């Protein structure tokens with residue numbers, strides 16, 4: 001490295017904290033080999049974590065402060081299938097579908113870096129289909145609960161906040177999944193058209209596309225899955 | 001699976017970035033309206049925010065007229081008064097201060113100061129402004145909505161915010177909440193840009209520890225905003241549902257006008273926690289950019305290196321982190337476990353430590369400096385005293401036992417106006433006078449600037465100092481008239497009338513600033529590229545004002561920090577950050593101060 005750049009560091013290496021600071025604050029990039037797009041997605045996800053975190057904390061606070069009994073989630077979300085009473089069965093299937101979609105997403109990222117255009121696109125579409133299935137099952141669940149009389153302002157079994165928190169949190173998460181599905185399809189289209197092989201500039205941004213876009217998409221998708229795990233644990237299992 | 005040849009991030013060679021990556025304007029619309037140039041977006045942000053600021057200033061006039069001469073102005077009844085204070089507060093804090101400091105100065109200064117060509121995602125950056133404008137339009141629309149804007153107070157506390165006794169509950173509160181949600185969505189797109197540009201978009205040689213403190217302040221504030229606004233977002237969504245859908249997140253069982261409402265089981269305190277988890281960091285979202293800017297103004301106009309640069313950086317980061325664990329000091333009278341009060345009082349007072357470090361370092365920077373009392377410097381010095389004054393009354397309010405009797409009095413109004421109203425506004429003015437030559441190529445008029453400063457500075461003290469006294473007398477805030485109570489002397493009303501007259505004068509003095517701002521675009525003195533002989537990169541651009549892409553063919557290379565003023569043994573009294581060491585002329589100080 002050019003000595004001119006290091007004039008600040010001509011002193012003996014201090015070791016410890018000072019070295020960490022120097023490394024992190026180094027020339028041009030705080031995170032080496034992390035592109036702008038990926039850094040931006042990570043920071044957005046951090047911010048989004050605070051949104052979901054606040055939603056969940058708000059739900060827990062409401063649940064603890066309400067005076068009415070809280071409905072039993074495993075009974076509310078039970079289904080009768082072939083004459084058998086199965087608690088939480090739909091949620092279990094939904095969770096399985098969403099986690100599986102993370103698997104296909106990861107494979108899509110892998111194929112993208114191998115520049116396997118068709119396989120990448122196919123896996124992205126598969127991920128989108130699994131995501132859409134999840135949203136479809138959520139719509140079914142909403143329909144069922146609304147049919148049983150659950151409303152944001154009340155329900156037949158207990159605290160009104162049950163319905164409020166349910167529709168708000170699953171609705172906000174479902175919106176995230178839906179947006180993800182739309183973007184998955186958009187990126188699949190770019191992949192199959194060869195945009196990432198030829199570096200075609202984006203319509204809005206004018207930036208040249210790279211297969212890294214698939215990975216950035218994957219970050220978002222895995223995040224949405226991870227959030228669901230927390231919603232599952234705190235809303236359905238608690 | 002076999003080894004994967006990673007599609008390496010196309011590392012752009014940073015010293016010679018090809019211009020292709022930028023979207024250059026093709027015509028008037030893409031140049032001035034839907035521009036993707038951070039500098040144009042900055043001007044759009046600043047202009048919009050200043051317009052909102054003048055509306056909010058006008059509202060403060062109305063408020064003062066009512067307080068100073070109660071009953072004289074028939075159209076300001078209690079309901080209108082509440083609407084006025086609510087809109088004044090929310091506009092000033094979110095739509096003016098946050099927007100100018102982050103959207104305005106952030107957009108203009110970050111890319112230039114770190115040597116980038118633009119923000120990392122100009123398209124998202126452009127959207128950020130249009131979302132902001134939409135939020136402003138929604139907010140202003142509430143003035144024309146049935147029932148008028150909300151009068152819930154800027155804190156929007158439920159249950160009263162959405163009950164029928166509060167003015168603006170028909171539609172004003174809904175527009176307010178929707179506007180905030182849109183603002184937050186828009187800010188997120190901008191904030192991500194500011195953070196990633198600082199972390200990943202710097203030019204060669206620009207380590208984090210060589211960045212001007214302005215960038216540090218705006219960067220830390222942006223990170224905080226990305227983590228604090230989510231709480232407001234969630235609170236707004238939940239309150240909107242309480243209002244529109246009849247949920248009871250924040251609404252307990254209530255009797256209104258003799259009938260029991262449908263609400264029940266919610267927690268009003270939850271809203272307060274969510275609101276202040278945003279609200280307290282918001283104070284520092286406004287203050288930290290001001291801290292950073294003022295550090296640079298002082299170093300430049302006192303021709304001295306900033307004292308204790310590393311400590312200044314650490315203080316900014318420490319304040320940013322601590323501000324997330326002090327929020328409940330706004331809630332001492334809301335009902336809280338005493339141990340929480342103890343905890344939050346302790347953390348609040350701990351913040352005084354890094355803040356004091358910053359103040360001492362500013363003073364030590366000035367110490368034996370070659371102080372030029374230019375207009376930006378006057379505003380910077382005005383900031384330091386005002387901020388110290390506001391900070392000291394903060395020590396009163398941070399202690400539970402002192403706060404309880406002072407809570408909801410004019411003392412609180414005086415405190416937060418000094419510390420987060422006047423102090424950052426002084427910095428904004430100083431920064432506009434300082435960077436105006438870079439934006440337009442011309443200087444603002446000096447005499448008008450000094451007139452503006454002295455009237456504003458002296459006037460705000462004349463307004464807010466007596467308010468401390470009114471607060472100690474027990475005059476409550478948010479009352480549309482003081483009324484008669486045995487504990488106010490009759491002179492308290494006279495003091496109120498006096499404050500009103502000063503407020504009218506100070507408000508009118510801002511028109512001098514507005515005139516200066518517009519007049520100087522064409523008639524100001526030609527400034528040249530670096531009128532203040534400053535070291536940081538934005539003053540070293542090949543052209544002034546800088547064109548799209550900022551740097552011409554080659555981005556600058558940085559060799560040193562931003563504070564090499566008056567270096568012993570060097571001929572000129574400042575060394576630009578991008579001047580190679582071999583180009584620095586040694587020898588006795590040039591009489592010209594080293595203007596090349």
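Along the chain as shown, the residues are counted starting at 1.
Every residue gets a Cβ built from N, Cα and C, even glycine.
Nobody curates TrEMBL annotations by hand; they come from automatic prediction.
The domain 'Heme-copper oxidase subunit III family profile' annotation in TrEMBL covers A:41-238.
The transmembrane segment feature in TrEMBL is assigned to A:39-62 (among others).
Annotation comment: TrEMBL describes A:88-109 (among others) as transmembrane segment.
Sequence annotations record features per position, and here TrEMBL assigns transmembrane segment to A:121-140 (among others). Under 8 Å from some Cβ of the transmembrane segment (A:121-140) lie the Cβ atoms of residues 90, 93-94, 97-98, 100-101, 104-105, 107-108, 111, 170, 174, 177-178, 180-181, 184-185, 187-188, 191-192, 214, 217, 221, all in the same chain and six or more residues away from its ends.
Look at TrEMBL and you will find A:160-187 (among others) tagged as transmembrane segment.
Taken from TrEMBL, the feature transmembrane segment covers A:217-237 (among others). Long-range contacts of the transmembrane segment (A:217-237) within the same chain, counting only residues at least 6 positions beyond its ends with a Cβ under 8 Å from a Cβ of the stretch, are 38, 41-42, 45, 48-49, 52, 56, 59-60, 73-74, 77, 88, 91, 95, 98-99, 101-102, 105-106, 108-109, 124, 127, 131, 165-166, 169-170, 173, 176-177, 180, 183-184, 187.
Among residues of the same chain six or more beyond the transmembrane segment (A:160-187), those with a C-beta under 8 A of the stretch's C-beta atoms are 48, 51-52, 55-56, 58-59, 62-63, 66, 68, 70-71, 76, 98, 124-125, 127-128, 131-132, 134-135, 138, 141-142, 145, 150-154, 213-214, 217, 220-221, 224, 227-228, 231, 235. A Cβ distance under 8 Å defines the sequence-distant neighbours of the transmembrane segment (A:88-109), meaning residues of its chain 6+ beyond its ends; these are 73-74, 77-79, 81, 119-120, 123-124, 126-127, 130-131, 133-134, 137-138, 140-141, 177, 214-215, 217-218, 221-222, 224-225, 228-229, 232, 236.
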